[in-house]
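Participant: Grabbed the feature section from TrEMBL, which reads as follows:
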- His191, Asp215, His217, Asp219, Asp312, Asp314: Mn(2+) binding site (BINDING)
- 1-22: signal peptide (SIGNAL)
Amino acid sequence: MITAILRSFLYVVTLHLGVANAKKFGGSNEQKPFYSLAEEYYNYDDDDAYIPKVQTLYSGITTFGHLPSPNCLASRGIDYDIAFVGAPFDMGTSYRPGARFGPSGIREGSRRLGPALYNVPLDVYPFQSWAKVVDCGDVPMTNYHIPNAMDELEEGYYHLLARKPTSFTDHEGYAGNGTVLPRLLTMGGDHTIVLPILRALSRVYDRPISVIHFDSHLDTWKPGVLGDGIDNDGLNHGTYFYWASKEGVLSKDANIHAGIRSPLSGLKDYEDDASCGFQVIEAREIDKIGVEGIVKKIRDRVQDNLVYLSIDIDTLDPAYAPATGTPEIAGWSSREFTEIIRGLDGLNFVGADIVEVSPSYDVADLTTMTAANIFYDIVGLFVKTPLVQSAENLY
């Protein structure tokens, strides 16, 4: 009996509230849903838009350094001077995989690099200068077949490279047709990606490219010395320079490794390496000749050639960059390495990469932040030395 009375009471109260709400909403018997918008929304003034008081570096969609991210692959009409691009590929690894997540990891590690920052050692605003800098996203690459992935990256890279830049379009450049081209900073991905990049660079510059290669490994091994030499045409992250030399997209006598310290299959590895046009700087040499000596050797080797800068993050000691596929102990510190990079100011760089970052092995984002900050210095180098034939009074 009491239960029936309570039910009747609740029904009367509910009915009363429904009638009251109907009157509140203009006499309509249809109750407005809870997500109905306030009346003032329809009189919204664009001049009264919401503008956040604080732009936090840890929020928002993640691009490198919070840079704008146009869909560069959609049209060659999208212009820029320097562009970041990801190459999410790791089928060429011989030990720990995971570098396919390198581009997203490096972008995450770059969150503290706001566009307005000033690079004190290089005396430059990397992102606020004459150069338009953007993040073009990733080049789509298959993860099932290495030769196909290499073709995809070469065509994507060429598409991003062979276009009119934003600046210095009235100057003479180094491209095969005498024009100035934009420059790309590639976030790997394992080191195999350098072969299609060199192929694309050779196509537009119509000449072999000198390479400054920072790594703990030579990466000039013949197929069969590293890998079985049969699968995927013998191409992996330790043989790509061998193939680049065979194809003629690599300089014959003006390339250099720095940071080398891995075990070898034998001393013949050095002979094979020299036949690919490389000189070697062992990591331990820094104890005798210092940072200045390392920089001098590099500059003496490449001189005023067009240079591609390729950085395997395992150049650094695992204490500074643990998240990589083939770590080697006794590497350089992050301070030593950044000083070496800054010492390359003034060289004619056509592009650069940082590869072999595997975020799943990282500790407190140490490796991804290190990679991002090295890129920050490289952008500064690019901005300070535009790739034009006459570099006087440009800006």
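A Cβ is built for glycine as well, from the same backbone N, Cα and C atoms used for every other residue.
Unlike curated records, TrEMBL annotations are generated automatically.
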Participant: 10 Å Cβ neighbour count around Asp314 (Mn(2+) binding site)?
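Facilitator: Excluding its own Cβ, Asp314 (Mn(2+) binding site) sees 28 Cβ atoms within 10 Å.
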Participant: What same-chain residues, at least 6 away in sequence, bring their CB to under 8 Å of the CB of His217 (Mn(2+) binding site)?
Facilitator: Gly238, Ile260, Ser262, Asp312, Asp314, Thr326, Glu328
Participant: Neighbour count, 10 Å Cβ-Cβ cut-off, for His191 (Mn(2+) binding site): what number do you get?
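Facilitator: Result for His191 (Mn(2+) binding site): 30 other Cβ atoms within 10 Å.
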Participant: Including all protein chains displayed, how many Cβ atoms other than that of Asp215 (Mn(2+) binding site) lie within 10 Å of its Cβ?
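Facilitator: That number is 27.
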Participant: Residues other than His191, Asp215, His217, Asp219, Asp312, Asp314 within 8 Å, Cβ to Cβ centroid, of the Mn(2+) site?
Facilitator: His213, Ser216, His237, Gly238, Thr315, Thr326, Val355, Glu356
